[in-house]
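According to Swiss-Prot, the protein carries these features:
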- 1-18: signal peptide (SIGNAL)
- 19-60: domain 'Chitin-binding type-1' (DOMAIN)
- Cys21-Cys36: disulfide bond (DISULFID)
- Cys30-Cys42: disulfide bond (DISULFID)
- Cys35-Cys49: disulfide bond (DISULFID)
- Cys54-Cys58: disulfide bond (DISULFID)
- Cys89-Cys152: disulfide bond (DISULFID)
- Glu134: active site, proton donor (ACT_SITE)
- Cys164-Cys172: disulfide bond (DISULFID)
- Cys271-Cys303: disulfide bond (DISULFID)
Amino acid sequence: EFTIFSLLFSLLLLNASAEQCGSQAGGALCAPGLCCSKFGWCGNTNDYCGPGNCQSQCPGGPGPSGDLGGVISNSMFDQMLNHRNDNACQGKNNFYSYNAFISAAGSFPGFGTTGDITARKREIAAFLAQTSHETTGGWPSAPDGPYAWGYCFLREQGSPGDYCTPSSQWPCAPGRKYFGRGPIQISHNYNYGPCGRAIGVDLLNNPDLVATDSVISFKSAIWFWMTPQSPKPSCHDVITGRWQPSGADQAANRVPGFGVITNIINGGLECGHGSDSRVQDRIGFYRRYCGILGVSPGDNLDCGNQRSFGNGLLVDTV
């Protein structure tokens with residue numbers, strides 16, 4: 001009897017401690033100082049944080065090299081997004097501030113701090129490039145060029161619907177709309193729900209916090225960036241070289257590089273049919289930001305010859 005009781009207790013304890021974070025728990029984060037293992041558990045040993053064992057909140061380099069402020073300075077940030085406070089932009093009055101970006105990034109320890117300095121710079125350039133495309137206010141003949149107008153908009157343009165899909169897990173709140181907001185233009189109740197749970201904010205009842213609270217706005221975008229969505233890897237794992245394409249990925253021409261990140265975000269509409277102006281816009285931002293950070297953009301920037309992963313978080317919004 002004692003043996004059976006002990007076994008049952010151990011199983012209950014195991015179930016209670018499993019699936020605390022990461023893709024197994026809707027992108028939920030561990031407490032500060034803990035890593036999320038590839039199995040979705042939180043801890044701070046090599047089994048959780050070591051190479052090949054960690055899926056998110058992984059340790060960066062030691063000392064100053066692991067500090068995001070050492071990768072991108074305030075002046076670089078302003079140079080990249082130098083028209084975000086233009087009078088024509090919703091983000092004027094410095095909504096998308098450097099301090100808000102750094103503060104939000106602090107909740108995701110691996111973001112911009114994983115790998116060597118080249119990997120860290122490329123991640124910041126890629127993140128700001130993809131989100132700049134989603135929020136751009138630029139046009140071909142815009143002052144300083146079309147790639148100087150990222151982070152202009154806070155909310156989806158036009159007349160968006162409520163983006164409410166019936167769900168018992170992520171029920172829509174009365175009168176709330178879940179259209180695109182923030183740097184990554186997160187949309188749909190089934191994305192606001194898990195994002196809010198991961199960052200500790202009730203976004204189902206308060207979706208507009210993504211467009212009114214600067215730190216929450218950046219957190220929503222970094223959450224998307226860091227969260228794998230099977231069969232897709234996370235954008236973070238791609239740009240830092242942690243993702244290794246499977247046989248199916250290779251057969252679909254999905255190889256490591258900036259192009260796969262575009263495929264993750266909006267491959268269903270933009271990838272697999274040759275040249276696409278939206279893809280080229282993303283690449284244009286990326287090349288400019290890599291130049292400012294003093295790093296090469298790497299290979300495989302396009303996704304024109306890649307088959308898409310299928311629908312993603314943003315496929316219906318862009």
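Yeah, the Cβs are placed from backbone N, Cα and C, and that goes for glycine too.
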Cβ neighbour count (within 10 Å, all chains shown) around Cys54 (disulfide bond): 22
Arithmetic mean of per-residue pLDDT over the domain 'Chitin-binding type-1' (19-60): 76
In sequence order, the disulfide-bonded residues (Cys58, Cys164, Cys172, Cys271) whose C-alpha falls within 10 A of Cys42 (disulfide bond): none
Conformational class of Cys42 (disulfide bond) under the three-state DSSP mapping: strand
Packing count at Cys49 (disulfide bond) (other Cβ atoms within 10 Å of its Cβ): 19
Disulfide-bonded residues listed as Cys21, Cys42, Cys164, least Cβ neighbours within 10 Å: Cys164
For Cys35 (disulfide bond), the one of Cys21, Cys89, Glu134, Cys164 that lies nearest, given that the recorded positions are compared by Cα: Cys21
Fewest other C-beta atoms within 10 angstroms, as judged across Cys30, Cys36, which are the disulfide-bonded residues: Cys30
When distances run from the Cα of Cys303 (disulfide bond) to each of the disulfide-bonded residues Cys30, Cys54, Cys172, the nearest one: Cys54
Cα within 10 Å of Cys21 (disulfide bond) - qualifying recorded positions among Cys58, Glu134, Cys164: none
Integer Cα-Cα distance in angstrom, Cys30 (disulfide bond) to Cys164 (disulfide bond): 28
